[in-house]
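Enquirer: Handing you this structure, nothing more for now.
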Amino acid sequence: MFSKTILSSALLALPFSILALPAPASPALFRRDAGPVLEQDSVNASLPNVTIYATGGTIASKGETSGQTVGYSVGLGVKDLVDAVPEILNISNIYGLQVANVGSQEVDYNILLALAHNITKDLAKEETTGVVVTHGTDNLEETAFFLDLVINSTKPVVVVGSMRPATALSADGPLNLYQAVTLAASEKAKNRGAMIVLNDRIGAAFYATKNSANSLDTFYATEQGQLGFFINQVPYFYYTPAAVPGKPHFSVGANTSLPQVDIIYTHEDNNPALVKASIESGSKGIVFAGSGAGSVDDAMLAVAEKQFNSTHTPMVVSHRTVDGFVPVEDVQDYMIPSGFLNPQKARVLLQLAVNAGYSNEKVREVFDALHP
């Protein structure tokens, strides 16, 4: 079973704690009558084992009044999240680890790599059934997509958040967390890659994106659809497990950092100098969020081509629109079309490809393989 090193409730409640890299920490087991403990006899052998990796976000936030749904503060720890939904202790042995406690706009490679290193080690244990990552929704899709590309396991990886803080009337976090744990403990959730759970819906981390800044029903992929849904807290899937065509897997086990990759958002009357400024500031790759199906104006393209020829910095063209596809016919020869991937997900994939030491042609092959 897991290490018997005890993590105190005080540690679990720290407002901000980044795990040291690369050594993984040991999750603490939660029990209804004793808080976080790790004695062997506290494990219910008839239940699956799920680890919750907490990173902060709205799901771990509180306001000053029950009507407050903006301007709240992050601060609840993983123990607080578990205490708010004691029913999850009836469906799984729950282990918890506080990786960070921040709004998702503050998530960086330290947090991403801490998640990747710890989850990889955790899922390699026979007794671990699945894992849940609690996360702010603003950048949730980027973390979920990152985990989908770096966690090489058939076991469920479920990323969950909320749109209302824990103190709000009709807070959505507790039920979302309950459903996420239920999914992570389910045999039906195997071989589906990383998943996103919010508002009774199960989405594929590869495709789902945040569509509304405010609505509870915000995560979905309008073209590809959802994977499934919950009825009476039971997960149901529309399809049997299926892999995304050409989805790559990257190893970050030896990493303590990730290369800088920037997104340049295009618009009318662009500033072409942004391309050179990005590269001079240390960027090892650029994603252009083009209009329509990846349109970028001639002035910016001229600077981009000059920079590419002198630095060989890989450049990917994506789309500003919520949905769509960037075809190879619509981009310059030196640029790489993102296909279905939006700018933020294209950035994650490009970052991992650059980190792996891929040449420009190899990066192109990786993106092209996703839309055969």
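Using N, Cα and C of the backbone, Cβ positions are placed for all residues, glycine too.
Remember, TrEMBL labels are computer predictions, not curated facts.
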Enquirer: Which of Ser104, Ser153, Ser170 shares the substrate site with Thr137, Asp138 per TrEMBL?
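Expert: Only hit among Ser104, Ser153, Ser170 in TrEMBL's substrate site, alongside Thr137, Asp138: Ser104.
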Enquirer: Pull the DSSP breakdown for the domain 'Asparaginase/glutaminase C-terminal' (260-367) and write it out as helix, strand, coil residue counts.
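Expert: Across the domain 'Asparaginase/glutaminase C-terminal' (260-367), DSSP assigns the residues as follows: 46 helix, 20 strand, 42 coil.
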Enquirer: Cα-Cα, whole number of Å: Asp138 (substrate binding site) versus Thr58 (active site)?
Expert: 9
Enquirer: Pop the mean pLDDT for the domain 'Asparaginase/glutaminase C-terminal' (260-367) in here, whole number is fine.
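Expert: A mean pLDDT of 97 is what the predicted model shows over the domain 'Asparaginase/glutaminase C-terminal' (260-367).
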Enquirer: Between Thr58 (active site) and Thr137 (substrate binding site), what is the CA-CA distance rounded to a whole number of Å?
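Expert: About 7 Å separates the two Cα atoms.
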